[in-house]
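Taken from TrEMBL as is:
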| type | residues | note |
| --- | --- | --- |
| ACT_SITE | His117 | active site, pros-phosphohistidine intermediate |
| BINDING | Lys11, Phe59, Arg87, Thr93, Arg104, Asn114 | ATP binding site |
| DOMAIN | 3-137 | domain 'Nucleoside diphosphate kinase-like' |
Amino acid sequence: MSGNKTFTMLKPDAVEKGHIGAILNQITESGFRIVAMKLTQMTEADAKEFYAIHKERPFFGELVEYMTRGPIVAAVLEKENAVEDFRTLIGATNPADAAEGTIRKKYAASIGENAVHGSDSDDNAKIEGAFHFAGREMF
Ligand code: DAT
Ligand code: MG
């Protein structure tokens with residue numbers, strides 16, 4: 001059975017370009033409820049841990065540099081079928097392949113700087129939410 005929570009980050013490029021409001025609006029208009037949220041900045045150690053699954057990939061160094069270069073918005077979102085529906089809302093990893101109207105199609109510049117994160121499974125949604133938020137910060 002699919003769960004009802006996912007984890008997202010509005011990445012440094014989206015924050016730099018002033019897209020926080022527009023992206024959060026699209027997220028909530030699409031039926032997601034924000035149950036935790038903050039503006040924060042990942043340290044190098046944070047980014048290396050968060051993206052540890054990609055540590056052998058050639059883009060890992062760039063990914064860590066990008067994710068730590070400025071503030072992000074971290075949030076936990078609630079909706080029925082949250083993980084899958086949120087991945088549909090954000091679109092493909094490479095914005096060039098993302099469907100019209102998706103968040104990455106509208107706001108992402110490249111595969112490396114793709115504006116937004118969405119968990120890829122219920123288990124990872126839990127792990128990633130707990131990485132950024134204490135239990136008392138989730139509502
Ligand atoms: P997603 O963020 O869609 O879950 P992923 O988990 O495969 O994608 O990769 C995590 C992030 O790493 C992705 O959002 C951007 C970066 N990335 C992935 N593939 C890349 C590539 N081929 N070149 C540069 N950056 C890449
Ligand atoms: Mg992923």
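Glycine residues also receive a Cβ, built from the backbone N, Cα and C atoms like all the rest.
TrEMBL: automatically predicted annotations, no manual curation.
Non-local contacts of Phe59 (ATP binding site) by the CB criterion (under 8 A, 6+ apart in sequence, same chain) comprise Gly112. With respect to ligand 1, the binding-site residues Lys11, Arg87, Arg104 contribute no residue with a C-beta closer than 6 angstroms to one of its atoms. Between the CA atoms of Thr93 (ATP binding site) and His117 (active site, pros-phosphohistidine intermediate) there is a gap of 9 Å, rounded to the nearest whole number. If you draw a 10 Å sphere around the CB of His117 (active site, pros-phosphohistidine intermediate), it holds 21 other CB atoms from the protein chains shown. Helix, strand and coil counts under DSSP for the domain 'Nucleoside diphosphate kinase-like' (3-137) come to 65 helix, 24 strand, 46 coil.
Cβ neighbour count for Lys11 (ATP binding site): 24 (other Cβ atoms within 10 Å of its Cβ, all protein chains included). For the binding-site residues shown (Thr93, Asn114), fewest C-beta neighbours within 10 angstroms: Thr93.
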